[in-house]
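*Asks:* Starting off with a structure, shown below.
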Amino acid sequence: MATINDNYLKLKAGYLFPEIARRVNTFAEAHPEAQIIKLGIGDVTEPLPKACIQAMTKAVAEMGDRSTFKGYGPEQGYAWLREKIAAQDFQGRGCDIDASEIFISDGSKCDSGNILDIIGNNNTIAVTDPVYPVYVDTNVMAGNTGAVNEKGEYEGLVYLPIRAENNFTAEIPTQKVDLIYLCFPNNPTGATATKEYLQTWVNYARANDAIILFDAAYEAFITDASLPHSIYEIEGAKECAIEFRSFSKNAGFTGTRCALTVVPKTLKGKAADGSDVELWKLWNRRQSTKFNGVSYIVQRGAEAVYSEEGKAQVKGLIQFYLENAKIICSQLQAAGLTVYGGVNAPYVWVQTPTGLSSWDFFDKLLQNCNVVGTPGSGFGAAGEGYFRISSFNSRENVNEAMKRITEKFKV
């Protein structure tokens, strides 16, 4: 009989969001009359920007004409999209990123896991706690951890607690680590990072020959001009960091699928023989072998994000969700709850009332208010006592959810 990858057996039972879905479905079956409002998983609700729809409609028509039909595209992505990204997202912010260092993909979630294909198995890996579960689970799958303990932590990972006391920004580890996961604006806490803070991480990474995996999926929600949108705004980052970005949350591409990963050609890792190897070459080889590229139609839609009309429409979407976050923060505070995030970020991080665990609070909101959020403990042990609420929903649903909470749930 063929053997399996035993590392999958080390995964904690049930990925966070399927477990939420299971509980919600059980409740809905028992209470079919309940009008459940979901503010849990970070999926968008508003339609795609018109500029993107028009571009994709045109691209569909091109696929119906032999003279403009497109077959397999370049695995790295079409140059016309990568060049716009390089010019507007990076060079326009003073980042020396070339279009050739950008790889178009079907999701930053995929890339943050797939990047482990080119990373060795003997690295010391640091993650924040709480943390986006994908960073941890993909390392478990890849065999980079030991077993899980009673706290839900995996042996072999270095956990960096982020709490209100440190503004939900991890402190530099006292030990040497080789791989560092950072996400700003942060999922799940909604925290942001200053240039000075990120500089300390870049300095650490360069001093310790470490690599930073920087998730910038929510950078479009930054409205404070003093905050960096990219790790490459930090001096020295091109020598130590890979950045992941997505069109999912800024342009609503969660169901359309388009993202990008930046791998600078100056970034190197160590081979077993001690030689330095360019990670760009490895990632290019990996993508060429395992990935056939994002569809032409979708890439034309992503390109439209950079048109004048597209930029204005994306800005409107961002402002819409940020206004939702503002409403959530103000209404939860009115209910007597302590909240963090929701500014320069689409997530609101709520401290649960005294005596209630994260899952207790989840059940209480579901049963009493028919509102769904995400238990903080699902993001790590340090997330216990917190709860994530997403601003990704219609204004009507956000207002109704907050009305229910303020009326039925008072601290």
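Using N, Cα and C of the backbone, Cβ positions are placed for all residues, glycine too.
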*Asks:* Can you find which of Asn7, Asn25, Asn292, Asn324 Swiss-Prot lists as binding pyridoxal 5'-phosphate at the same site as Tyr72, Ser108, Lys109, Tyr132, Asn187, Tyr218, Ser246, Phe247, Ser248, Arg257?
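*Replies:* Matched candidate out of Asn7, Asn25, Asn292, Asn324, per Swiss-Prot for pyridoxal 5'-phosphate with Tyr72, Ser108, Lys109, Tyr132, Asn187, Tyr218, Ser246, Phe247, Ser248, Arg257: Asn292.
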*Asks:* Can you tell me how far the Cα of Tyr132 (substrate binding site) sits from the Cα of Ser246 (pyridoxal 5'-phosphate binding site), in Å?
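*Replies:* Their Cα atoms are separated by 15 Å.
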*Asks:* So which of the binding-site residues is most packed in, judged by how many other Cβ atoms lie within 10 Å of its Cβ, out of Tyr72, Tyr132?
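*Replies:* Of Tyr72, Tyr132, the one with the most crowded Cβ is Tyr132.
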*Asks:* Spatially, which candidate from the binding-site residues Gly42, Lys109, Asn187, Asn292, Arg388 is nearest to Ser246 (pyridoxal 5'-phosphate binding site), comparing Cα atoms?
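*Replies:* Smallest Cα separation from Ser246 (pyridoxal 5'-phosphate binding site) among Gly42, Lys109, Asn187, Asn292, Arg388: Lys109.
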*Asks:* Would you mind sorting out which of Gly42, Lys109, Asn187, Asn292 (the binding-site residues) have a C-alpha within 10 A of the one on Lys249 (N6-(pyridoxal phosphate)lysine)?
*Replies:* Gly42
